[in-house]
Structures are given as structure tokens and as C-alpha cells.
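Among the features that TrEMBL reports, domain 'SSD' is placed at 1-140. The annotation transmembrane segment is assigned in TrEMBL to 9-38, 44-63, 86-109, 115-140, 407-426, 432-454, 461-483, 503-521, 533-553.
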Amino acid sequence: RLSCIRNNVWLACCGVVSAGLAVLSSFGLMLFCGAPFVVTVANAPFLILGVGVDDMFIMIASWEQSSRKKEKSNVKALLAETYSEAALSVTITTLTDVLAFFIGTWTAFPSVRAFCLYTGTAFVFCYVYTLTFFGAVLVLNHKREQGNRHWLTCMRVGVDKDQAENSCLYNACCVGSCSRQSSEPEGEHPMSIFFKEYYGPFFTNKWVKLLVVLLYGAYLGGSVYGCTQIREGIDLRNLANDDSYVIPYYDDDDKYFSTYGPRVMVVIPERVDYWNEAVRRGIESCAQNLENISYVDKNLSESWLRVYTVLAESSSININDKTQFFNNLPVLFSIRSSFAWDLNKTGDEIEASRFFLQTVNVTSAVDEKNLLNQLRETARQCSIPLKVYHPAFIYYDQYLVIVQNTVQNVVVAAGAMLVVSLLLIPNPLCCLWVTFAIASVIVGVAGFMSFWNVNLDSISMINLVICIGFSVDFSAHISYAFVTSGESSANKRAIEALSLLGYPVLQGAVSTILGVVVLAAAKTYIFRTFFKIMFLVILFGALHGLVFIPVFLTFF
């Protein structure tokens with residue numbers, strides 16, 4: 001405000017400090033309890049700063065509402081009124097966010113679990129600090145205003161008769177305001193007036209409503225189409241920094257050797273009698289079954305046992321006897337010294353051994369998934385105990401569970417949100433709208449994610465779970481204000497809901513986007529993806545809260 005008394009700079013700073021304290025407390029507690037700190041957790045502070053500030057905006061909006069209604073001197077009544085207005089909204093949104101994160105901890109991915117654990121705990125602290133620390137700051141700020149004290153120096157500001165000739169700037173900085181009244185009555189915020197006088201009436205016009213319905217149809221159509229285009233799988237380049245030497249390595253690998261997939265190690269992890277001809281035949285038949293998989297090139301396999309068997313036949317060495325088998329191994333190693341690495345020999349026993357298969361034409365995530373499934377299935381059916389392994393399988397494993405995990409988390413979280421809404425919002429219709437908003441925002445984010453080149457992997461999965469918590473935030477506030485409004489017609493209710501909460505919702509959206517926008521310039525795919533999805537969540541959440549939901553509420 002352009003008044004040295006009504007200016008709330010310190011209030012804003014304390015709101016941010018409150019969110020910062022929540023980050024500090026939660027990280028301290030988690031590290032003290034020994035929770036692992038993964039790189040994805042580094043996204044959390046940006047998120048908490050952005051969201052923690054939302055609650056502050058709602059508290060301030062309620063405080064200003066109350067101080068216009070009640071007499072100023074009774075601080076207890078003022079704060080009681082503020083909490084009765086704001087606490088429910090803040091509780092609903094915190095509960096839904098925390099639930100979304102703690103449901104995220106059930107996933108199969110440890111990195112997602114760690115992120116959800118840290119962030120969920122931070123939101124609990126954020127809530128506690130908003131209702132305790134920030135409530136106290138509100139009261140102190142109110143006392144400063146009542147005492148006509150300057151926002152920066154906290155010195156008393158008086159109206160001196162001799163200063164009537166001073167410039168407007170001097171009066172605004174040092175006296176109170178341009179009009180030289182040190183404590184002018186509190187007016188409504190210009191943005192609240194804008195939502196009440198212009199924005200609300202504009203969107204309750206019947207032609208504008210029709211336009212909004214058409215716009216929503218287009219949004220939904222685009223989202224559903226996008227959902228059918230989602231790609232699974234993580235590109236290994238994305239796990240490195242943009243300037244890492246790993247990226248040109250993978251580029252060259254793709255360019256020159258794209259026909260060849262991973263060279264898979266097939267391990268016999270137990271002791272078997274290699275000198276027994278029946279056992280050798282069993283191993284050979286298993287190897288041939290693995291080579292018959294469409295992704296394997298049988299001409300590029302490498303097996304020490306195969307070479308040894310051929311060598312024994314051509315040099316008429318008897319390897320069907322245990323002693324002879326071991327005594328002639330050095331002959332094999334003299335021909336191919338690298339085979340010595342393929343046996344784990346202790347004394348006169350072979351503890352384990354391995355051979356290699358060369359895979360080909362593994363180009364997409366679907367191929368990788370199929371390859372892994374076929375290899376494991378064939379190895380499982382073999383009479384000899386076998387294991388198939390390659391370091392890249394840790395990523396292929398992700399593809400096997402990612403869709404199922406994402407759907408499971410999203411469904412469970414959305415169900416939990418519905419239950420929370422039903423318990424805390426005393427109106428079933430309102431809960432249905434909140435649930436509708438959740439579903440709609442998730443479909444939108446998932447759809448537009450594919451247009452923005454974001455694949456479905458463990459990183460975007462974290463964000464889709466968060467998405468549920470946030471999509472509630474915007475619509476819950478507006479629908480709750482609509483349902484509890486005392487106005488007679490639906491249109492007036494929508495206008496009142498927007499004039500009360502339109503501005504705090506807008507502030508919340510802008511502050512959250514400002515909190516994560518720094519990540520857009522990051523040199524790591526993980527952070528950039530986080531920004532893209534958060535941006536979509538907040539954009540669509542705010543669009544629902546400020547445009548779609550108010551219009552749809554007036555139809556019923």
C-alpha cells in the first residue's frame with residue numbers, strides 16, 4: 001500500500017520466513033531420523049516456498065475481511081474471526097497436499113519415496129507455523145498499525161500542522177499518505193474490487209459462460225488426445241548434466257551402433273557338474289533357447305563352455321572326467337585369455353560362471369521392456385539355474401511398473417482427496433466439484449506433458465502425485481466460498497466467492513510459479529521436468545479455480 005503505516009512488507013517477509021523454517025525443520029527431522037537425501041529431494045524447497053506462501057495470502061485476506069467487519073481494538077475477536085474463516089481452507093489444502101505426498105511414499109521407487117517423505121513432512125511444519133508463528137506476526141503487525149507506527153522504523157507517525165506544505169512523496173513516506181491523514185480507514189484492496197466489479201460480472205454473463213464451456217471442451221479434447229501420445233521410459237542422457245561428457249557418448253552410440261542393444265550377461269550362479277555331459281547339454285539347450293529370442297543375434301554370442309567343448313572334440317581331450325576337465329582349462333585360457341574372467345574357480349570347484357548374448361534392434365522403451373521380460377521368462381524355464389543381467393536393466397525395470405504405479409498412486413490419492421473433502425466441506429455438491437477439478441487437472445497435465453516432450457518416468461510420476469494435492473487447493477477455496485455464501489442467486493454467489501478469494505488464489509498461483517521458475521534454467525533434466533509439470537499444474541489449477549469452476553457452479 002502507498003502508506004507508511006498500512007504497508008505490509010514485514011508481514012510478507014515473515015510469511016516467507018515461515019515457509020523457510022518449515023523446510024529447515026522438516027529436513028532436520030528427516031536427516032536426524034536417517035531418511036536418505038536423494039537428488040530429487042533438492043526440488044522440495046522451491047515447492048514449499050511457493051506453496052507455503054499460499055496459506056499466508058489466505059490468512060491475510062481473511063484478516064483484512066475481519067478487520068473491516070469487527071471493531072479494531074478487540075484483537076482476540078479479530079484473530080478468532082480470521083482463524084474461523086481461513087483455518088478450514090488452509091486445513092483442507094494442507095491435508096490434501098500431505099496426503100498426496102504420503103500416498104506417494106507407497107511407490108516402488110526409492111527416489112520418489114524420499115522426495116514424498118521430505119516434502120510431506122515439510123507441509124505439516126508449514127501448516128503448524130502458519131497457524132502459530134504467522135498468526136502472532138499478524139497480531140504484532142496490527143498493533144503496530146493501531147499505534148500509528150512506521151512500517152520500517154516502527155516510530156510513531158504524527159501529523160504535524162507545519163508539514164501541510166510538504167510534497168506528496170514526503171507525506172506518503174513519513175506521514176501516512178498523500179492526503180496527510182496518518183491513519184486512513186482501511187479500504188478494500190484494488191484487486192478485490194476488480195474481481196467484484198469487473199471480473200465476476202464478466203464471467204457470469206450468459207454468452208461468456210457459453211464461451212467458457214466451449215473453451216473447456218477444447219481443453220479436455222486436447223488433454224485426452226495428449227494422454228494417448230504419452231511415451232514411457234527415461235532417456236539415459238537425461239540423468240546427466242547438460243554439459244556432461246556422457247551425453248555425446250550416448251549420441252555417438254546412437255549414431256554409429258544403434259543396431260546393437262546391451263550385451264547381456266547370463267550367469268550360472270550355483271555349482272553345477274560341468275564335466276557331466278548331460279549338464280553341458282542342458283546348459284547348451286538353455287543358451288539356444290535364449291538365442292532364439294527375436295532380440296538376440298546368435299552369431300555374436302560368447303561362451304567359454306561352448307569353445308571348450310569344441311576344443312576338446314577337435315584335440316580329443318576327455319573333459320567328461322572332473323580331474324581332466326580342470327587340468328585342461330589352462331589350454332583354453334592360452335587360446336582365449338579373457339575366458340579366465342568368466343569362471344569363478346576355487347580349488348576343484350567352479351562356484352559360478354557366465355556367458356554373453358548380444359542383443360540387437362532394441363530401439364524404444366517398449367523393446368527394452370519386451371527384451372527384459374522375454375530374457376527373464378526364458379531363463380526361468382531353464383533346467384539349470386540362470387540369471388540374466390546388464391547394468392541398464394535397472395532402468396528397464398522402471399518401465400515394467402511405471403504405468404501401474406502411476407495409475408495406482410493417482411487413483412488412491414484422488415480417493416483420499418474425496419474423503420478429506422467430504423469430511424471437511426459440509427456440502428456434498430462442493431466435494432463433487434473438487435473431485436471433478438482433480439480429475440480434470442490430472443488429465444490436462446498428463447495430456448499436455450506429452451506435448452512438452454516429457455516422458456512418463458519416475459520423475460514425472462512424482463509430479464503427477466503432487467498435482468493432485470495442488471489441483472485441490474484452488475478449487476476447494478472457491479467452491480467452499482460459493483457454498484457458504486449468503487447471496488440469493490447463483491451468479492451473485494459466484495461473484496462473491498471470486499471477490500473474496502479470487503485475489504488470494506491468483507497470488508498463490510503466481511507465487512508458486514515464481515518459486516519454481518528458477519528451475520526452468522537448470523542444467524539438469526530432473527529440475528527442468530519438475531518446472532514444466534509444476535507450471536502446468538498451477539496454470540490448469542488456477543484456470544479451474546478462477547474460470548471453469550465458478551462458471552460451472554452457476555449451472556447447478
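Even glycines carry a Cβ here, placed using N, Cα and C.
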Recorded stretch that, among 44-63, 115-140, 407-426, 461-483, 503-521, has the most CB pairs under 8 Å to the transmembrane segment (533-553): 461-483
PLDDT averaged over every residue in the domain 'SSD' (1-140): 87
Recorded stretch, among 9-38, 407-426, 432-454, 461-483, 503-521, maximising Cβ pairs under 8 Å relative to the transmembrane segment (44-63): 503-521
Stretch contact, the transmembrane segment (461-483) with the transmembrane segment (9-38), Cβ-Cβ under 8 Å, 3+ pairs: no
Residues in the domain 'SSD' (1-140) grouped by DSSP into helix, strand and remaining coil: 116 helix, 0 strand, 24 coil
